[in-house]
Amino acid sequence: MAEPERRRRRLLLLLLLLLLCRLAFVLPNAEVDALQAFVGGFAAGNPAFQSWDATMPTPCTWFHVTCGQGSQVIRLDLGNQSLSGELKPDIWQLQALQSLELYGNNISGKIPSELGRLSRLQTLDLYLNKFTGEIPNELGNLSKLSNLRLNNNSLSGPIPMSLTTVQTLDVLDLSHNNLSGVIPTSGSFSRFTPISFTDNPFTLKNSSDSPSNNSATAPSSGSSASNIAKIAGGAGAGAAMLFAAPIVVLAWWWRRKPHDQFFDLLDEETPEVHLGQLRRFPLRELQVATDNFSPNNMLGRGGFGKVYKGRLLDGSLIAIKRLNGDRIGTGERQFLMEVEIISMAVHQNLLRLHGYCMTPTERLLVYPYMENKSLETRLRGSLSVL
């Protein structure tokens, strides 16, 4: 009796293993089908898809595809791959997708509303393309979205109010489009500065902020009270000028007087401040360039901090050295003196400093990005030759 029971258990275990193997091959095939439909939206013959073999049971070995646990696709990195065509809605079937990066291509058409069904999506980079139409309201369903960059397209219409409910949104760039209406300021949008919305025909103020119709259509005859108000206003302006004149003279003298200051410190969100040929970057711009200093963009680390790769809105690549917290305690003036010293270092084997960023909580140095690998890599290459 014991032997038949053992055989029965072995048979059940074997059937279970066969079922699991079957599932392992069936589930990834659904993603393969979705990716093949995704490729079908673009012009044929692009070398970015040379390794995308539809006969394979899993896409995890394909170029520009990253898989996570369970061999499910979590990232598509197809930025700057000269893709032309349209983004197919089948992409929503990649339910484990966390990052969709299609920036710097020639993708046209509308942004599929089906993207709002990617419940795990954290990064959506569609900037520097030719997308048209409105921003889908369904993107507000992406409760885990932290980076949304749709800049430098031809999107139109209003910003969906649903996006303000995405509390995880840290990086937003909708600049250089044809968006209209009012810029939302509620919810997560309260964290973003005007740089996220530049170069759009927005209505910057609500109608309630403009002068009322009553004041614009007041009778021309006026009342004696309005005349008295005008006289009082003129007298007040004259008195203000009388008191302001000495202040203006004093300010003019003070500006001409030499000072020991390095230079005036401006607000952290000032778009451009230059120290010689150096540019002062706003922190938000560097956050956008690095996906909020994502670990995926970290090039390395040293005794003074970490180095990140970034891409500015014009497409140029930069390397950003984010100094450790203990460097922030040195003070603003000392940091600026160090920036000046670094900027004066000129040598054929040294990268010239491109700019910097200084806020109460951050100290960053910005260099042009040069992909020459590390000294260790160079030495290993030389040793292999020997």
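Using the three backbone atoms N, Cα and C, a Cβ is placed for every residue, glycine included.
According to TrEMBL:
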| type | residues | note |
| --- | --- | --- |
| SIGNAL | 1-26 | signal peptide |
| REGION | 204-224 | region 'Disordered' |
| COMPBIAS | 207-224 | compositional bias 'Low complexity' |
| TRANSMEM | 231-254 | transmembrane segment |
| DOMAIN | 293-386 | domain 'Protein kinase' |
| BINDING | K321 | ATP binding site |
Segment-level pLDDT (mean, integer) for the domain 'Protein kinase' (293-386): 77
Conformational class of K321 (ATP binding site) under the three-state DSSP mapping: strand
